[in-house]
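Per TrEMBL, the features are as follows:
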type     : residues : note
SIGNAL   : 1-19     : signal peptide
TRANSMEM : 587-609  : transmembrane segment
DOMAIN   : 587-851  : domain 'G-protein coupled receptors family 3 profile'
TRANSMEM : 624-645  : transmembrane segment
TRANSMEM : 657-681  : transmembrane segment
TRANSMEM : 701-725  : transmembrane segment
TRANSMEM : 746-769  : transmembrane segment
TRANSMEM : 781-800  : transmembrane segment
TRANSMEM : 807-828  : transmembrane segment
Amino acid sequence: MFSWIFIFRLLQIPEFVSAFYYNISTCYYKISEEFHHEGDVVIGAFFPLHTFYSLKKMSHSTIPYYYLDNVIQYNFKNYQYILALQFAIEEINGNPNLLPNISLGFDFYNVRFTGKYIHINTFNWLTALGDGNYIPNYNCKKRNFTAALTGTSWITSAQIGTLLQLFKFPQISFGPYDLLLSDHGQYPYLYQMAPKDTSLSLAIVSLMVHFRWSWVGLILPDDHKGNKILSDFREEMESNGICLAFVKMTSETWTSYVAKFWENMDETNVTIIYGEIDSLEGIIRNIEQRLLTWNIWIMNIEHHVIDRADYFMLDSFHGSLIFKHSYRENFEFTKFIQTVNPNKYPEDIYLPKLWYLFFKCSFADTNCHVLENCQTNASLDVFPRHIFDVAMNAESTIIYNGVYAVAYSLHEMRLQQLQMQPYENQDGMVFFPWQVITFLLYFIVSSLVKDKRSLDWRQTIDTEYDILNIWNLPKGLGLKVKIGSFSANAPQGQQLSLSEQMIQWPAIFSEIPQSVCSESCGPGFRKVTLEGKAICCYKCTPCADNEISNETDVEKCVKCPERHYANREKSNCFQKSVSFLAYEDPLGMALASIALCLSALTAFVIGIFVKHRDTPIVKANNRALSYILLITLTFCFLCSLNFIGKPTKASCILQQTTFAVAFTMALATVLAKAITVVLAFKVSFPGRMVRWLMISRGPNYIIPICTVIQLLICGIWMATSPPFIDQDAHTEYGHIIILCNKGSAVAFHSVLGYLCFMALGSYAMAFLSRNLPDTFNESKFLSFSMLVFFCVWVTFLPVYHSARGKVMVAMEVFSILASSTALLAFIFGPKCYIILLRPEKNSFNHIRKKTPSRKKNFPKL
């Protein structure tokens with residue numbers, strides 16, 4: 001039932017508002033805009049309860065500050081200012097301990113215009129002629145004026161202050177704090193009760209940092225306050241990496257028809273609106289009319305605009321956020337509002353207008369201050385929040401405190417008067433307004449007010465803000481819900497407090513909105529700023545190899561430590577696993593198996609040669625050198641196993657020394673066999689020396705000589721720069737490869753060069769004896785095997801230097817096996833073929849048939 005009543009009231013709101021324009025009673029306009037509440041001491045109140053605004057500012061030809069297209073704008077929420085003033089005065093008048101036997105009153109003047117009309121209202125008050133009929137040098141009743149309350153605009157306070165200071169009249173401004181008004185040289189008797197906005201820019205920027213809004217707009221008044229807050233915002237935003245998409249300054253001559261003003265408004269989802277209610281009223285009204293529902297407005301004001309009737313469900317300001325100074329809630333004021341009605345306060349000319357508009361009352365025909373046909377239970381607390389809020393707002397709180405400051409100042413001055421003249425004028429007060437200034441200044445700065453609370457509360461709330469969220473969906477709900485707070489005095493990281501689950505965002509957003517120029521760079525990427533653009537506009541580029549970024553929007557990636565590697569996403573570093581050419585690896589297992597099989601095959605060939613040692617083919621090719629070569633080849637195959645498995649200091653040394661010595665012996669043996677053949681068949685008339693070499697088997701000494709030379713090279717290598725265990729952390733992703741570093745590249749290449757030199761020498765010797773009789777000739781096989789050996793190791797060098805990690809080790813093992821296999825296959829393969837498969841050719845009878853008789857007797861090999 002309650003929900004239906006609530007919806008019915010919401011639907012009636014446009015009908016209420018439309019009453020501003022249609023079927024208004026003439027009494028509504030006859031009622032004066034000023035009224036008075038009698039008292040022994042009177043406070044002047046200059047409040048903007050309703051104003052006029054102009055659409056095109058069509059100036060009147062004779063009346064200054066008046067426009068022909070003026071439209072009246074009622075700010076119902078501002079009526080709370082009068083109620084706060086009334087409430088404070090009633091409390092003071094009812095307090096027997098404060099200003100006993102003296103009553104406070106007030107004179108209210110509506111601030112509609114600026115300039116001449118404000119000065120007229122001020123002058124009327126000073127002359128005690130509230131109806132504006134000024135009669136020089138005449139006043140029927142003596143009234144004690146004490147101070148003036150002015151606001152909310154700083155312009156209003158400044159214009160009134162220029163007149164009041166001529167009479168040394170104290171003035172209290174309840175509008176937003178302004179640096180110009182704090183100039184006591186220009187405004188010596190003006191005191192500002194509002195707290196300073198010293199931390200507003202920090203508070204708003206903290207909110208943006210929290211939601212990661214880095215691309216925002218800014219709307220400011222084009223005056224000294226706008227320039228000051230713009231400087232503050234720029235400083236805070238630059239230090240937090242937030243950029244301004246646009247800055248729009250509004251002037252007094254601003255109109256909604258300036259199309260350029262609304263350009264680029266859709267570049268960002270978040271826009272800050274800073275200023276006073278009066279200076280931004282036109283902007284806020286136009287935003288409502290344009291239904292800019294995609295934007296989150298962050299404001300320092302509570303807008304009070306109630307415009308023409310409309311039936312839109314959406315509201316431009318639904319989901320917006322308001323920063324306002326933190327005040328303690330006054331529950332007694334809420335109770336007081338529930339009792340307010342036109343009968344209780346007949347002098348209040350505003351209450352009949354409200355009752356007439358919203359409760360369907362009618363004015364009496366004889367008296368416009370008398371209402372008829374009103375609802376019996378009519379009360380201000382039934383109004384929707386967006387029309388009238390029963391909770392005391394910031395301006396009302398300042399008015400309330402300002403009245404108490406005046407009361408305590410008068411009370412202190414009264415006590416001082418009684419101490420100096422105890423028997424004079426005990427029932428009244430006689431003073432000049434300037435006498436109150438000293439006491440008023442004391443109480444505003446440091447004295448106690450009401451509940452023993454210091455007016456130094458400003459020093460606290462200067463840095464404290466409540467954050468309100470506007471709930472206005474459907475339009476007309478008009479709630480402002482506190483969803484957080486900000487305290488600049490709190491420890492770093494605890495200044496902002498938010499209840500995100502309570503925030504209602506604009507209807508277009510289903511989650512927390514984003515407002516960025518460029519999408520965030522996630523982990524694994526870094527920002528690269530774009531030339532000529534703001535720092536918030538950038539592109540994302542992946543981190544370099546082995547670099548990571550585990551946060552968003554980082555400007556520089558971090559390199560992983562030496563023993564760590566970056567994952568594929570480049571968001572984390574992980575410990576690298578140790579790797580080497582192990583026997584368990586498929587490649588290591590294959591190479592080891594091949595080496596063992598070839599070693600076994602060589603041993604098998606040795607067995608064959610031993611078994612058939614007396615056959616012609618074994619004896620004819622220098623049986624002893626064949627045995628030495630086969631045994632050496634076995635060691636060549638087995639030495640490759642030193643390269644497989646986890647490297648140690650001993651294995652690193654053995655790798656190179658065993659390889660060098662074994663292959664040196666093998667090549668020296670081949671060289672000895674080639675030289676033997678050349679000496680036997682190429683020397684037609686052997687001399688004594690050649691004969692001695694043949695008889696004493698001198699070519700066999702080549703083996704130890706060549707081996708000793710290689711040992712010397714290896715000895716120098718091991719003594720100067722021996723191989724050592726090294727780590728390769730870059731070749732294989734996610735692994736640290738342990739391998740043997742050659743130590744001295746010169747020594748390593750010297751060993752290979754020496755082997756290649758021996759291979760070329762053997763090839764040359766074998767090539768010289770290639771045309772000898774086939775029966776005894778193995779020179780062709782020797783030369784071909786040396787050619788293959790040489791090609792293997794020449795090819796090995798570039799491949800070796802281009803390979804890394806385990807592949808480099810595997811290449812060296814493969815070259816060892818390939819070159820050794822070439823020697824085994826090309827030298828001993830044909831012989832084993834004859835011995836095993838063609839035994840008939842391995843006989844002396846076969847040799848005699850194939851070889852013709854020669855005059856020359858060949859020496860026995």
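Cβ coordinates are placed from backbone N, Cα and C, and glycine is handled just like the others.
All annotation found in TrEMBL is predicted automatically rather than curated by experts.
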The transmembrane segment (624-645) versus listed stretches 657-681, 701-725, 746-769: most Cβ pairs under 8 Å:
657-681
Recorded stretch, among 657-681, 701-725, 746-769, 781-800, 807-828, maximising Cβ pairs under 8 Å relative to the transmembrane segment (587-609):
807-828
Overall pLDDT of the domain 'G-protein coupled receptors family 3 profile' (587-851), taken as the mean:
81
Give residue numbers and ranges for long-range contacts of the transmembrane segment (746-769): same chain, 6 or more residues beyond its ends, CB-CB under 8 A.
656, 660, 663-664, 667-668, 670-671, 674-675, 677-678, 681-682, 706, 709-710, 713-714, 716-717, 720-721, 777, 779-780, 782-783, 786-787, 789-790, 793-794, 797
